[in-house]
Amino acid sequence: MAGIEEVKAVGTILANPKESLTTRFRALFTLRNLGGAEAIEWISRTFEDESALLKHELAYCLGQMQDERALPILETVLKDTSQEPMVRHEAGEALGAIGNPKVLNLLKQYSGDPVVEVAETCQLAVRRLEWLMSGVDRGEEAADGNPYTSVDPAPPAARKSVSELRAQLLNQSLPLFERYRAMFALRNLGTEEAVLALGDGLECGSALFRHEVGYVLGQMQHEASIPQLQAALERSGESAMVRHECAEALGAIGAESCLQILQRFRGDRERVVKESCEVALDMYEYENSGQFQYADGLQRLQGVQEGGPTLTQAPKVEEPIQTQDRQRYLPRVANMLHPVMIAIVTANTFITILYWAFILTEFFSKKVNAEAKLKENPA
């Protein structure tokens, strides 16, 4: 368990604009994993930064932590019209993720915000809170079939065929909440057919909707989505909010073709896209390094304290990212956890059955032998 001093040291890295963006991202996810009041305080302090991408990620992490102590700063960011739309949008989504109904009136107020992305996000957050207030058990929410165990803006739709879910996803006459439900149901299916159906969503709907599709494809890390993500990143006139999410998704997939695409856009005219490519390339390096962990703030700090490499030079040996994430920056190994755990449980169950079968066989064998001896040697 990290103490206050360790949290402070990692928080100082996060808040330092002289550190590289990738180092600060790793510090942020370290704080997210550590949790607690001090971690929230350090994350909150960094909303004065110039990088919209970093601030967007701050809000995202606070939402995934689901700690109500983050509500005041998230409310402040949502209300602050000097913040970039993508930052305010993420603050609104985080308020919905935390799930406390006391922010319902605020979210309803900003559901009519002049910035479309902010308004739509708050509308979704209102629907999520109303869904939670309808009596759904929070344990049921956690067991909704989401292999990523992320806190999503909407619950998945009831199980349907891919074609039915695709139709719901692309139907622009439906409420956004219902289309999101189809989106997360397709994600949870995890098949190539589902991936391709989601990819079609990159060409329709609002920028908020398309950006969420990009995020979900990054979670799935399926190479079948690369052409559609590349097309969205290359699309002239596409929202930077969408393009940045597609860049990060390509970094999460980690295929060699993704590297070439990201290198082409690392000098993009849009700062958020440029920075996303920088972070995505760091993620690509991680995905192909054979390392198990990403959020390495404490390890880097320990290396400096022991006279090792500097924070920016430290080897990338990281703490596991919790799969509580939407999960941005989720290691590829996490996609294997679900089937691996099933295999482990199945193997344990099989071994247990064999054990008890052996015990029962021995018991009945001894009983039969004892009865046979009694018959042979009656008293």
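In case you wondered, yes, glycine gets a Cβ from its N, Cα and C as well.
In the three-state DSSP scheme, Glu90 (Fe cation 1 binding site) falls into the helix class. Under the heading Fe cation 1 binding site, TrEMBL lists His56, Glu57, His89, Glu90.
Under the heading Fe cation 2 binding site, TrEMBL lists His211, Glu212, His244, Glu245. Its own atom aside, the Cβ of Glu245 (Fe cation 2 binding site) has 31 Cβ atoms within 10 angstroms in the protein chains shown. In the three-state DSSP scheme, Glu245 (Fe cation 2 binding site) is classed as helix.
If you look up TrEMBL, you'll see 336-358 marked as transmembrane segment.
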Inter-residue Cα distance where the pair is Glu212 (Fe cation 2 binding site) and His56 (Fe cation 1 binding site), in Å: 14
Shell of the Fe cation 2 site beyond His211, Glu212, His244, Glu245, same chain only (C-beta within 8 angstroms of their C-beta centre): Arg210, Val213, Gly214, Tyr215, Met241, Val242, Cys246, Glu248
8 Å Cβ shell about His56, Glu57, His89, Glu90 centroid, Fe cation 1 site members excluded: Ala52, Lys55, Leu58, Ala59, Tyr60, Met86, Val87, Ala91, Glu93
